[in-house]
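Student: Right, I'll just put the structure down here and ask away after.
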Amino acid sequence: MDKLPCNELNQVRKAPHAAIGPVLIEALPYIRKFEGKTFVIKYGGAAMKDACLKNSFAQNVTLLRKVGIRIVLVHGGGDAITKTAEKLGITSRFLHGRRVTDKEMISVIQMTLAGKVNQDIVQLISEHGGKAVGVTGLDADTIKALPHPNAETLGLVGEVEQINTAYIDLLCRAGLIPVIAPIGFDDKGNVYNINADDAASSIAIALKAEKLIYVSDVEGIHVGERILKTICKTEAADFIEQGIISGGMIPKVLSAFKTLDSGVGKIHLIDGKATHSLLLEIFTHEGVGTQFIAEQDSDQSQNR
């Protein structure tokens, strides 16, 4: 057996066989339940930077596809864009959390996301036995975009107008994992920088996905020291009113429920800094993050 590339990944080998077996068996009903379903995964944050976490994520995605789950991966890459711009002597500017994007910057974004970040992800998945294909929003009209309402100040920042679901579905039916860089275009040929969270949400809605999973740098929704396993719309409204959910988490929560209202089955927020968090969230009863559900009932709250 080849040595695993990370000490963290080797810890599982130290556990008694009797402890590992039940964890594997616990996954069985979820594998049956989700076979043939579509999961859209937004990949970003620390999980894209650390070599061990990148390996873990690629393994997780490959395993999900191998057990029959259709995976559509949408990635970010903000730090990589900033570093590339710096090397080229271009200063990055941000307004309300959005990257100000002129023609020079959109070229950097295309070069970095499509030419480097996207292909690195595809290669890593392939190394673990998966079949991934790199896609940008420009390919086969995958993402048609409109200018952002604040285009006068943000420049070539866009919002999703339309998703080519037929093309994505074609790739999934061929057994491939589409790895999508969030770049879009309009009828005039303008290319737009699109927020990866927004792109993932739009793709999940268009595909009527079973799940939209955000792999991020937060463990989930915190209430005090506790991470909520499940949250419904009513609870979220109460927590926002009480100030328990505040700051930058408010738009994320509201966006999650808007996506749910548009037909996506469940939304999950998980910590990409935790090894194998994706598998643990999907294939165990407890999960490791927070799942957003449309209605609170015993069946939904106890199942991933």
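Glycine residues also receive a Cβ, built from the backbone N, Cα and C atoms like all the rest.
Owing to the predicted nature of the structure, the values given are computational and were not obtained by experimental measurement.
When I checked Swiss-Prot for this same protein, it listed these features:
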BINDING   GLY77, GLY78, ARG99, ASN193  substrate binding site
SITE      LYS42  site 'Transition state stabilizer'
SITE      LYS252  site 'Transition state stabilizer'
Student: Once the chains shown are all counted, how many other Cβ atoms turn up within 10 Å of the Cβ of LYS252 (site 'Transition state stabilizer')?
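Tutor: Result for LYS252 (site 'Transition state stabilizer'): 18 neighbouring Cβ atoms inside 10 Å.
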Student: Compute the mean position of the Cβ atoms of GLY77, GLY78, ARG99, ASN193, which form the recorded substrate site, and then list in sequence order the other residues of that chain whose Cβ is within 8 Å of it.
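Tutor: Surrounding the site, in chain order, are GLY76, ILE81, THR82, ILE109, LEU113, ALA196.
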Student: Which whole number of Å gives the largest C-alpha distance between any two of GLY77, GLY78, ARG99, ASN193, the residues noted as binding substrate?
Tutor: 12
Student: When you measure from the Cβ of GLY77 (substrate binding site), which residues in the chain that are at least 6 apart have a Cβ under 8 Å away?
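Tutor: Sequence-distant Cβ neighbours: GLY44, MET48, THR112, LEU113, VAL117, ALA181, ALA196.
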Student: Check the DSSP secondary structure of GLY78 (substrate binding site), expressed as helix, strand or coil.
Tutor: helix
Student: In the structure shown, which of the recorded positions LYS42, ARG99 has the fewest Cβ neighbours within 10 Å?
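Tutor: Comparing Cβ neighbour counts within 10 Å for the recorded positions LYS42, ARG99 gives ARG99.
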Student: Which of these recorded positions is closest to LYS252 (site 'Transition state stabilizer') if you go by CA atoms: LYS42, ARG99, ASN193?
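Tutor: Going through LYS42, ARG99, ASN193 one by one, the closest to LYS252 (site 'Transition state stabilizer') is LYS42.
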